[in-house]
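So the structure is just underneath, and the comments pick up after that.
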Amino acid sequence: AATAQKCFLQIGGMTCASCVSAIERKLQKEDGIVSVLVALMAGKAEIKYKPEFIQPLEIAQLIENLGFEATVMEDHTETEGSVELLITGMTCASCVHNIESRLMRTSGIFYASVALATCKAHIQFDPEVTGPRDIIKIIEEIGFHASLARRVPNAHNLDHKKEIQQWRKSFLCSLVFGIPVLILMIYMLIPDGEQHGSMVLEQNLIPGLSVLNLLFFVLCTFVQFLGGWYFYVQAYKSLKHRTANMDVLIVLATTIAYTYSCVILVVAIAEKAEKSPITFFDTPPMLFVFIALGRWLEHIAKSKTSEALAKLISLQATEATVVTLGPDHSIIREEQVAVELVQRGDIVKVVPGGKFPVDGKVIEGNSMADESLITGEAMPVTKKPGSTVIAGSINAHGSVLVNATHVGNDTTLSQIVKLVEEAQMSKAPIQQLADKFSGYFVPFIIIISTVTLIAWIAIGFINFDIIQKYFPNQSERVSRAEVVLRFAFQTSITVLSIACPCSLGLA
């Protein structure tokens, strides 16, 4: 059996626990996948797979087929370093071949792939033997120019800015049209006095259409299609891949309530009814207001956690002074390099007030270092030859020379960032149970709602008196069938609507 490898994917578009369970279920069915762990908060998945059966890009494709966005994150494997370079000056395929074959002949490089179209090179190497600076030097010796492809620190994947704006828009839109609906509902509940204004609202503009229903219809239409647009998009993606999430339930409940109301209005107008029917136009706006508010708050909460990570990432130094030493530690030359280009074994000079760019050991000089970012201890710590220093901590007094032991993603700070991300990714067993449950929850509610509808229709036609109780002052003109159907619909839509802001998903 081959050893399993690990890959990390960044996943966009997950909204709730049932999205997570949909992805986990889908992936676990595939051959060659050993384990799947999806983090809703960090928007990440950690997947162990057998490389002879499946590759990370195929896994990403499987997730994209479910309607999410997925990208394979840069290799997190501890054993090898990887670097992405921008190479300029390539003109044709033979340039590409030149660079690739030259790199592959270099000891310490496992893999090199150069793309002519994007001018990018992807290189995996053994950090013990070589590093990004040496690789750039080799490429420049052949006559091309290479530089680091700067990736924005992975904070932007976590800030949820787009989602926050999107749900805020959805919430405010639902609210603008939802508040008048709420006022109208309350206004209608005021008991009828002699000179009561609600009579004005109940007067018919044309037979079968009252002022009230017209207002409801206009307000509800706006909410349904402007405020509820994102729900429709998500529900469509979900259904396309034969899974049902909370969005499907919300869209179902509101669309049925809206359509049913429109239909009975049209029927009433066609029949020129004296009294406009009771509609359900008040259901969708209320639901959308609450759920959009919930989603908006949820993304704000997520972005707060991510902000802490981004701040942590921003504590890292950006540049380092790498020096070449002559006999007895005299400095022959120094050069400023980006911190990503520092290699294991480099000698780095840190001046007073500067940040240590990498983890390492002091080889020359005495100083004090402020390590409060890691330890919380404000007193500076003495550093002398042989002491270890932590990337991101501040050099207080003297100038020191440091031998780099951990660079790039292996520094203490990077590891902390990674641990925080991983802590977001690990799930409590009860949460896995909730995820599993919510996968079955939606179909279950739809079935119950249908059963409710059929049951009440049956009861109504067998024994009308039971339903009569709920409509004591029923006018004679309305047929029994209509009363039964109206009541059955009310009960089944109630079941659907009540299940919408699924407390499990929210919790």
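If you go along the chain as it appears here, the first residue is 1 and each next one adds 1.
The backbone N, Cα and C atoms fix where each Cβ goes, glycine too.
Features reported for this protein in TrEMBL:
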DOMAIN    5-71  domain 'HMA'
DOMAIN    81-147  domain 'HMA'
TRANSMEM  171-190  transmembrane segment
TRANSMEM  210-232  transmembrane segment
TRANSMEM  244-270  transmembrane segment
TRANSMEM  276-297  transmembrane segment
TRANSMEM  440-464  transmembrane segment
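Among 171-190, 244-270, 276-297, 440-464, 276-297 has the largest number of CB pairs under 8 A with the transmembrane segment (210-232). Over the domain 'HMA' (81-147), the average per-residue pLDDT in this prediction is 86.
Beyond the ends of the transmembrane segment (244-270), by six or more residues, the same chain brings 15-16, 18-19, 22, 206-209, 213, 216-217, 220-221, 224, 228, 231-232, 234-235, 238, 276-277, 279-281, 283-284, 287-288, 291, 438, 442-443, 445-446, 486, 489, 493, 496-497, 499-500, 502, 505 to within a C-beta distance below 8 angstroms of the stretch. Sequence-distant neighbours of the transmembrane segment (276-297) (same chain, 6+ residues past either end, Cβ-Cβ under 8 Å): 15, 163-164, 167-168, 170-171, 174-175, 177-178, 181-182, 184-185, 202, 204, 208-210, 212-213, 216-217, 219-220, 223-224, 227-228, 231, 250, 253-254, 257-258, 260-261, 264-265, 267-268, 486, 490, 493, 497, 500-501, 506. Applying DSSP to the domain 'HMA' (5-71) sorts its residues as follows: 22 helix, 24 strand, 21 coil.
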